[in-house]
Amino acid sequence: MDNLLPLLSIHNSVYAFSFVTFAVCVCYVLNKFVDISPIGSHNDLSLEGLRGVACLLVFVNHSYTVIAAIGLKSPYMNIQPAYAFEKMGAFGVSIFFCLTGFLFSSTIKKGIFDISFFQKRIYRLLPAYVVVSTIVFAIFMFQRYGQIKTIDEVMTVIRSVYGFGFWGGGIRVGSIWDWSLNIVTWTLPYEWKYYAAVPFLACAFAIKPLRISLIPLALIIIYLGYQNEQIMWTYFLTGFIASYIKQPANNYLKYALWTVMPLLFIYSIFGDFKVYEFEMFCATSIFFMAFIASRPSIFSKRSISNIGIISYSLYLVHQLSLNITFNSYSKFINLEQTSARYFILMQFGAITLAIILSAILYNKIEKRYKIK
(Lines of atoms letter the chains of each structure in order from A and count residues from 1; the text may use other names and numbers.)
(Lines give C-alpha, C1' and ligand atoms only; values in the text may rest on other atoms or scores of the structure.)
Protein backbone atom coordinates (compact mmCIF):
# COMPACT_ATOMS: atom_id res chain seq x y z
CA MET A 1 0.00 0.00 0.00
CA ASP A 2 1.26 3.41 -0.94
CA ASN A 3 0.92 4.95 2.49
CA LEU A 4 3.34 7.85 2.64
CA LEU A 5 1.64 10.21 5.07
CA PRO A 6 2.18 8.14 8.24
CA LEU A 7 5.88 8.10 7.35
CA LEU A 8 5.75 11.88 7.40
CA SER A 9 5.22 11.71 11.15
CA ILE A 10 8.87 10.65 11.20
CA HIS A 11 10.09 12.66 8.24
CA ASN A 12 7.80 15.69 8.40
CA SER A 13 10.78 18.00 8.35
CA VAL A 14 11.50 16.80 4.80
CA TYR A 15 7.92 17.49 3.74
CA ALA A 16 7.92 20.89 5.45
CA PHE A 17 11.25 21.82 3.86
CA SER A 18 9.95 20.83 0.41
CA PHE A 19 6.74 22.77 1.02
CA VAL A 20 8.55 25.93 2.14
CA THR A 21 11.14 25.68 -0.64
CA PHE A 22 8.48 25.30 -3.32
CA ALA A 23 6.51 28.28 -1.95
CA VAL A 24 9.65 30.43 -1.93
CA CYS A 25 10.40 29.43 -5.53
CA VAL A 26 6.85 30.25 -6.64
CA CYS A 27 7.05 33.65 -4.94
CA TYR A 28 10.46 34.30 -6.51
CA VAL A 29 9.16 33.55 -10.02
CA LEU A 30 5.93 35.48 -9.43
CA ASN A 31 7.92 38.56 -8.39
CA LYS A 32 9.20 38.71 -11.97
CA PHE A 33 5.66 39.51 -13.08
CA VAL A 34 4.02 41.08 -10.01
CA ASP A 35 5.71 43.66 -7.82
CA ILE A 36 6.17 42.34 -4.29
CA SER A 37 7.95 45.14 -2.50
CA PRO A 38 7.53 46.58 0.99
CA ILE A 39 5.83 49.90 1.50
CA GLY A 40 8.46 52.31 2.77
CA SER A 41 12.19 51.79 3.19
CA HIS A 42 12.00 51.16 6.92
CA ASN A 43 10.97 47.51 6.62
CA ASP A 44 13.44 45.09 8.21
CA LEU A 45 13.77 42.34 5.61
CA SER A 46 15.14 39.82 8.12
CA LEU A 47 11.98 40.19 10.20
CA GLU A 48 9.88 39.89 7.05
CA GLY A 49 11.74 36.69 6.20
CA LEU A 50 11.08 35.24 9.63
CA ARG A 51 7.41 36.21 9.38
CA GLY A 52 7.24 34.53 5.97
CA VAL A 53 8.69 31.25 7.22
CA ALA A 54 6.33 31.33 10.21
CA CYS A 55 3.36 31.84 7.89
CA LEU A 56 4.44 28.92 5.71
CA LEU A 57 4.72 26.66 8.77
CA VAL A 58 1.08 27.45 9.56
CA PHE A 59 0.28 26.64 5.93
CA VAL A 60 2.16 23.33 6.25
CA ASN A 61 -0.02 22.36 9.19
CA HIS A 62 -3.27 23.21 7.44
CA SER A 63 -2.13 21.54 4.21
CA TYR A 64 -2.23 18.30 6.15
CA THR A 65 -5.34 18.79 8.28
CA VAL A 66 -7.29 19.65 5.12
CA ILE A 67 -7.73 15.87 4.80
CA ALA A 68 -10.12 15.94 7.74
CA ALA A 69 -11.39 19.47 7.10
CA ILE A 70 -12.95 18.58 3.75
CA GLY A 71 -14.38 15.35 5.18
CA LEU A 72 -12.02 13.08 3.25
CA LYS A 73 -12.00 9.49 4.50
CA SER A 74 -9.39 7.40 2.75
CA PRO A 75 -7.79 4.06 3.67
CA TYR A 76 -4.57 5.45 2.20
CA MET A 77 -4.31 8.40 4.55
CA ASN A 78 -4.19 8.92 8.27
CA ILE A 79 -3.93 12.36 9.81
CA GLN A 80 -3.27 11.13 13.34
CA PRO A 81 0.51 10.47 13.13
CA ALA A 82 1.31 13.98 11.93
CA TYR A 83 1.18 15.62 15.35
CA ALA A 84 4.46 17.35 14.50
CA PHE A 85 2.67 19.29 11.76
CA GLU A 86 0.40 20.80 14.39
CA LYS A 87 3.46 21.84 16.35
CA MET A 88 4.91 23.45 13.25
CA GLY A 89 1.75 25.52 12.98
CA ALA A 90 2.00 26.37 16.67
CA PHE A 91 5.63 27.41 16.23
CA GLY A 92 4.60 29.72 13.39
CA VAL A 93 1.80 31.32 15.41
CA SER A 94 4.14 31.79 18.38
CA ILE A 95 6.65 33.60 16.16
CA PHE A 96 3.83 35.88 14.91
CA PHE A 97 3.07 36.93 18.47
CA CYS A 98 6.76 37.41 19.30
CA LEU A 99 7.11 39.67 16.27
CA THR A 100 4.07 41.71 17.31
CA GLY A 101 5.49 42.21 20.80
CA PHE A 102 8.87 43.15 19.34
CA LEU A 103 7.57 45.61 16.75
CA PHE A 104 5.21 47.37 19.17
CA SER A 105 7.85 47.69 21.88
CA SER A 106 9.04 51.08 20.58
CA THR A 107 5.50 52.49 20.90
CA ILE A 108 5.29 51.30 24.50
CA LYS A 109 8.77 52.51 25.45
CA LYS A 110 8.09 56.02 24.16
CA GLY A 111 5.35 56.34 26.76
CA ILE A 112 3.34 58.48 24.35
CA PHE A 113 0.34 57.04 22.58
CA ASP A 114 -0.85 58.37 19.24
CA ILE A 115 -4.43 57.55 18.23
CA SER A 116 -3.17 57.01 14.67
CA PHE A 117 -1.77 53.73 16.03
CA PHE A 118 -5.26 52.22 15.89
CA GLN A 119 -5.95 53.78 12.52
CA LYS A 120 -2.84 52.16 11.07
CA ARG A 121 -3.76 48.77 12.55
CA ILE A 122 -7.32 48.91 11.21
CA TYR A 123 -6.19 50.00 7.76
CA ARG A 124 -3.57 47.26 7.87
CA LEU A 125 -5.97 44.43 8.72
CA LEU A 126 -9.55 45.27 7.82
CA PRO A 127 -9.78 45.87 4.03
CA ALA A 128 -8.07 42.63 2.98
CA TYR A 129 -10.01 40.72 5.63
CA VAL A 130 -13.34 42.02 4.33
CA VAL A 131 -12.45 41.20 0.72
CA VAL A 132 -11.42 37.61 1.50
CA SER A 133 -14.36 37.12 3.88
CA THR A 134 -16.78 38.19 1.15
CA ILE A 135 -15.29 35.61 -1.22
CA VAL A 136 -15.47 32.98 1.53
CA PHE A 137 -19.11 33.85 2.22
CA ALA A 138 -20.04 33.54 -1.47
CA ILE A 139 -18.25 30.20 -1.90
CA PHE A 140 -19.69 28.78 1.32
CA MET A 141 -23.24 29.72 0.34
CA PHE A 142 -22.67 28.15 -3.09
CA GLN A 143 -21.21 24.94 -1.66
CA ARG A 144 -23.99 24.71 0.94
CA TYR A 145 -26.78 25.67 -1.44
CA GLY A 146 -30.09 24.36 -0.10
CA GLN A 147 -28.70 23.69 3.40
CA ILE A 148 -28.85 27.30 4.66
CA LYS A 149 -32.59 27.99 4.63
CA THR A 150 -33.54 30.65 7.18
CA ILE A 151 -32.60 34.29 7.72
CA ASP A 152 -31.23 33.38 11.16
CA GLU A 153 -28.90 30.82 9.59
CA VAL A 154 -27.70 33.34 7.00
CA MET A 155 -26.99 35.89 9.75
CA THR A 156 -25.11 33.23 11.73
CA VAL A 157 -22.94 32.53 8.69
CA ILE A 158 -22.28 36.26 8.27
CA ARG A 159 -21.23 36.54 11.92
CA SER A 160 -18.92 33.53 11.59
CA VAL A 161 -17.31 34.79 8.40
CA TYR A 162 -16.94 38.49 9.24
CA GLY A 163 -16.55 38.24 13.03
CA PHE A 164 -12.73 38.38 13.22
CA GLY A 165 -12.73 35.22 15.30
CA PHE A 166 -14.53 36.75 18.29
CA TRP A 167 -17.32 34.17 17.89
CA GLY A 168 -15.02 31.22 17.36
CA GLY A 169 -13.28 29.74 14.36
CA GLY A 170 -14.76 28.01 11.36
CA ILE A 171 -18.32 28.42 10.14
CA ARG A 172 -20.80 26.82 12.49
CA VAL A 173 -24.53 26.97 11.78
CA GLY A 174 -26.99 24.33 12.95
CA SER A 175 -25.49 20.90 12.30
CA ILE A 176 -22.98 22.34 9.81
CA TRP A 177 -19.45 23.00 10.98
CA ASP A 178 -17.03 23.87 8.19
CA TRP A 179 -13.48 24.81 9.16
CA SER A 180 -11.94 24.07 5.76
CA LEU A 181 -12.92 27.36 4.15
CA ASN A 182 -13.08 30.19 6.63
CA ILE A 183 -10.12 32.43 7.42
CA VAL A 184 -8.10 31.13 10.36
CA THR A 185 -9.20 33.72 12.91
CA TRP A 186 -8.64 32.21 16.34
CA THR A 187 -5.37 34.14 16.70
CA LEU A 188 -6.84 37.52 15.75
CA PRO A 189 -8.64 38.20 19.07
CA TYR A 190 -5.28 37.85 20.82
CA GLU A 191 -3.84 40.45 18.46
CA TRP A 192 -6.77 42.84 18.86
CA LYS A 193 -6.71 42.59 22.66
CA TYR A 194 -2.98 43.26 22.67
CA TYR A 195 -3.51 46.30 20.44
CA ALA A 196 -6.12 47.55 22.92
CA ALA A 197 -3.65 47.10 25.79
CA VAL A 198 -0.83 49.05 24.10
CA PRO A 199 -2.10 52.55 25.13
CA PHE A 200 -2.31 51.46 28.79
CA LEU A 201 1.12 49.83 28.65
CA ALA A 202 2.59 52.96 27.04
CA CYS A 203 1.14 55.18 29.78
CA ALA A 204 2.30 52.80 32.51
CA PHE A 205 5.78 52.72 31.00
CA ALA A 206 5.96 56.52 31.09
CA ILE A 207 5.37 56.60 34.87
CA LYS A 208 8.26 55.00 36.75
CA PRO A 209 6.29 53.51 39.71
CA LEU A 210 3.80 51.99 37.28
CA ARG A 211 6.62 50.78 35.04
CA ILE A 212 8.02 48.77 37.93
CA SER A 213 4.58 47.27 38.59
CA LEU A 214 4.62 45.78 35.08
CA ILE A 215 7.28 43.29 36.20
CA PRO A 216 5.08 41.35 38.67
CA LEU A 217 2.22 41.60 36.16
CA ALA A 218 4.43 39.92 33.54
CA LEU A 219 5.42 37.19 36.02
CA ILE A 220 1.76 36.57 36.85
CA ILE A 221 0.92 36.23 33.15
CA ILE A 222 3.74 33.70 32.70
CA TYR A 223 2.70 31.73 35.79
CA LEU A 224 -0.98 31.57 34.84
CA GLY A 225 -0.05 30.58 31.31
CA TYR A 226 2.07 27.76 32.68
CA GLN A 227 -0.72 26.60 35.00
CA ASN A 228 -3.40 26.65 32.30
CA GLU A 229 -1.19 25.28 29.50
CA GLN A 230 -2.21 28.33 27.42
CA ILE A 231 0.79 30.60 27.11
CA MET A 232 -0.25 32.69 24.12
CA TRP A 233 0.01 36.06 25.90
CA THR A 234 3.56 35.37 27.05
CA TYR A 235 4.87 35.49 23.49
CA PHE A 236 4.07 39.21 23.32
CA LEU A 237 6.24 39.58 26.41
CA THR A 238 9.02 37.61 24.71
CA GLY A 239 8.97 40.03 21.79
CA PHE A 240 9.09 43.03 24.11
CA ILE A 241 12.06 41.65 26.07
CA ALA A 242 13.85 40.82 22.81
CA SER A 243 13.68 44.49 21.82
CA TYR A 244 16.43 45.16 24.39
CA ILE A 245 18.80 42.68 22.75
CA LYS A 246 21.68 44.15 20.77
CA GLN A 247 23.53 42.32 18.03
CA PRO A 248 26.93 41.13 19.29
CA ALA A 249 30.04 42.46 17.58
CA ASN A 250 31.67 39.05 17.84
CA ASN A 251 30.86 37.02 14.73
CA TYR A 252 31.70 33.76 16.49
CA LEU A 253 28.86 34.38 18.92
CA LYS A 254 26.52 34.97 15.97
CA TYR A 255 27.63 31.70 14.39
CA ALA A 256 26.99 29.92 17.69
CA LEU A 257 23.47 31.35 17.79
CA TRP A 258 22.87 30.27 14.19
CA THR A 259 23.81 26.74 15.24
CA VAL A 260 21.50 26.79 18.24
CA MET A 261 18.45 28.02 16.32
CA PRO A 262 17.86 24.87 14.20
CA LEU A 263 18.28 22.73 17.32
CA LEU A 264 15.66 24.79 19.15
CA PHE A 265 13.31 24.48 16.18
CA ILE A 266 13.74 20.70 16.07
CA TYR A 267 13.14 20.47 19.82
CA SER A 268 9.99 22.61 19.49
CA ILE A 269 8.58 20.30 16.82
CA PHE A 270 9.68 16.87 18.02
CA GLY A 271 9.95 17.44 21.78
CA ASP A 272 7.77 15.28 24.02
CA PHE A 273 5.30 17.94 25.14
CA LYS A 274 1.94 19.29 24.05
CA VAL A 275 1.29 22.23 21.77
CA TYR A 276 1.58 25.64 23.49
CA GLU A 277 2.93 24.19 26.73
CA PHE A 278 5.67 25.84 28.79
CA GLU A 279 8.45 23.85 27.11
CA MET A 280 7.23 25.10 23.74
CA PHE A 281 7.23 28.65 25.08
CA CYS A 282 10.81 28.37 26.34
CA ALA A 283 12.18 26.85 23.13
CA THR A 284 10.36 29.29 20.85
CA SER A 285 11.26 32.31 22.98
CA ILE A 286 14.96 31.42 23.06
CA PHE A 287 14.81 30.82 19.30
CA PHE A 288 13.31 34.27 18.74
CA MET A 289 15.82 36.00 21.00
CA ALA A 290 18.67 34.17 19.25
CA PHE A 291 17.27 35.36 15.94
CA ILE A 292 17.10 38.99 17.08
CA ALA A 293 20.67 38.80 18.36
CA SER A 294 22.14 37.13 15.28
CA ARG A 295 19.84 38.15 12.38
CA PRO A 296 20.77 35.28 10.00
CA SER A 297 21.31 36.81 6.59
CA ILE A 298 19.38 34.07 4.79
CA PHE A 299 16.12 35.53 6.13
CA SER A 300 16.89 38.84 4.41
CA LYS A 301 17.08 37.22 0.97
CA ARG A 302 14.32 38.66 -1.19
CA SER A 303 13.12 35.20 -2.19
CA ILE A 304 12.27 34.58 1.49
CA SER A 305 11.41 38.08 2.70
CA ASN A 306 8.87 38.43 -0.12
CA ILE A 307 6.84 35.70 1.56
CA GLY A 308 6.84 37.80 4.71
CA ILE A 309 5.77 40.90 2.81
CA ILE A 310 2.62 39.13 1.57
CA SER A 311 2.25 36.99 4.71
CA TYR A 312 -0.95 38.63 6.00
CA SER A 313 -2.68 38.06 2.67
CA LEU A 314 -1.27 34.52 2.59
CA TYR A 315 -2.59 33.90 6.09
CA LEU A 316 -6.03 35.03 4.91
CA VAL A 317 -6.23 33.03 1.69
CA HIS A 318 -4.37 29.78 2.34
CA GLN A 319 -7.39 27.91 3.73
CA LEU A 320 -9.49 29.24 0.86
CA SER A 321 -6.86 28.04 -1.62
CA LEU A 322 -6.76 24.56 -0.09
CA ASN A 323 -10.55 24.32 -0.19
CA ILE A 324 -10.80 25.48 -3.81
CA THR A 325 -7.94 23.24 -4.94
CA PHE A 326 -9.17 20.01 -3.40
CA ASN A 327 -12.83 20.59 -4.18
CA SER A 328 -11.78 21.20 -7.80
CA TYR A 329 -9.74 17.99 -7.83
CA SER A 330 -12.73 16.09 -6.47
CA LYS A 331 -14.75 16.98 -9.58
CA PHE A 332 -12.37 14.95 -11.74
CA ILE A 333 -10.89 12.26 -9.49
CA ASN A 334 -11.96 10.23 -6.49
CA LEU A 335 -9.85 11.68 -3.70
CA GLU A 336 -10.70 8.80 -1.39
CA GLN A 337 -8.90 6.47 -3.79
CA THR A 338 -5.94 8.78 -4.27
CA SER A 339 -2.63 7.67 -2.85
CA ALA A 340 -0.89 9.77 -0.26
CA ARG A 341 1.97 10.50 -2.67
CA TYR A 342 -0.36 12.11 -5.19
CA PHE A 343 -2.19 13.91 -2.41
CA ILE A 344 1.07 15.60 -1.45
CA LEU A 345 1.77 16.52 -5.07
CA MET A 346 -1.67 18.12 -5.22
CA GLN A 347 -0.59 20.41 -2.40
CA PHE A 348 1.75 22.21 -4.77
CA GLY A 349 -1.26 23.36 -6.77
CA ALA A 350 -2.75 24.85 -3.60
CA ILE A 351 0.55 26.55 -2.75
CA THR A 352 0.78 28.11 -6.20
CA LEU A 353 -2.81 29.37 -6.06
CA ALA A 354 -2.32 30.78 -2.55
CA ILE A 355 0.87 32.66 -3.48
CA ILE A 356 -0.74 34.15 -6.60
CA LEU A 357 -3.88 35.25 -4.72
CA SER A 358 -1.76 36.68 -1.90
CA ALA A 359 0.38 38.74 -4.27
CA ILE A 360 -2.71 40.14 -5.97
CA LEU A 361 -4.43 40.89 -2.66
CA TYR A 362 -1.29 42.58 -1.32
CA ASN A 363 -0.88 44.81 -4.36
CA LYS A 364 -4.52 45.67 -4.96
CA ILE A 365 -5.79 45.96 -1.37
CA GLU A 366 -3.05 46.04 1.28
CA LYS A 367 -0.83 48.51 -0.57
CA ARG A 368 -3.78 50.69 -1.44
CA TYR A 369 -4.98 51.14 2.14
CA LYS A 370 -1.82 50.72 4.18
CA ILE A 371 -0.73 53.92 5.95
CA LYS A 372 3.02 54.44 5.75
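Yeah, the Cβs are placed from backbone N, Cα and C, and that goes for glycine too.
The following features are taken from TrEMBL:
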{"type": "DOMAIN", "residues": "45-358", "note": "domain 'Acyltransferase 3'"}
{"type": "TRANSMEM", "residues": "12-31", "note": "transmembrane segment"}
{"type": "TRANSMEM", "residues": "52-72", "note": "transmembrane segment"}
{"type": "TRANSMEM", "residues": "84-104", "note": "transmembrane segment"}
{"type": "TRANSMEM", "residues": "125-146", "note": "transmembrane segment"}
{"type": "TRANSMEM", "residues": "200-224", "note": "transmembrane segment"}
{"type": "TRANSMEM", "residues": "252-270", "note": "transmembrane segment"}
{"type": "TRANSMEM", "residues": "276-292", "note": "transmembrane segment"}
{"type": "TRANSMEM", "residues": "304-322", "note": "transmembrane segment"}
{"type": "TRANSMEM", "residues": "342-362", "note": "transmembrane segment"}
Please determine whether the transmembrane segment (276-292) and the transmembrane segment (125-146) are in contact (criterion: at least three Cβ-Cβ distances under 8 Å, sequence separation 6 or more).
no
Might you confirm whether the transmembrane segment (252-270) is in contact with the transmembrane segment (125-146), defined here as three or more C-beta pairs under 8 A between residues 6 or more apart in sequence?
no
Would you kindly check 12-31, 84-104, 200-224, 342-362 and say which stretch has the most C-beta pairs under 8 angstroms to the transmembrane segment (252-270)?
84-104
How about long-range neighbours of the transmembrane segment (12-31): same chain, 6 or more residues beyond its ends, C-beta under 8 Å?
53, 56-57, 59-60, 63, 82, 84-85, 88, 266, 269, 302-304, 306-307, 310, 344, 347-348, 351-352, 355-356, 359
Limited to the domain 'Acyltransferase 3' (45-358), I'd like the whole-number average of pLDDT.
84
Which sequence-distant residues neighbour the transmembrane segment (342-362)? Criterion: at least 6 residues beyond either end, Cβ under 8 Å.
4-5, 15, 19, 22-23, 26-27, 30-31, 34, 36, 59, 63, 67, 76-77, 128, 131-132, 309-310, 312-314, 316-318, 320-322, 324-326, 329, 335
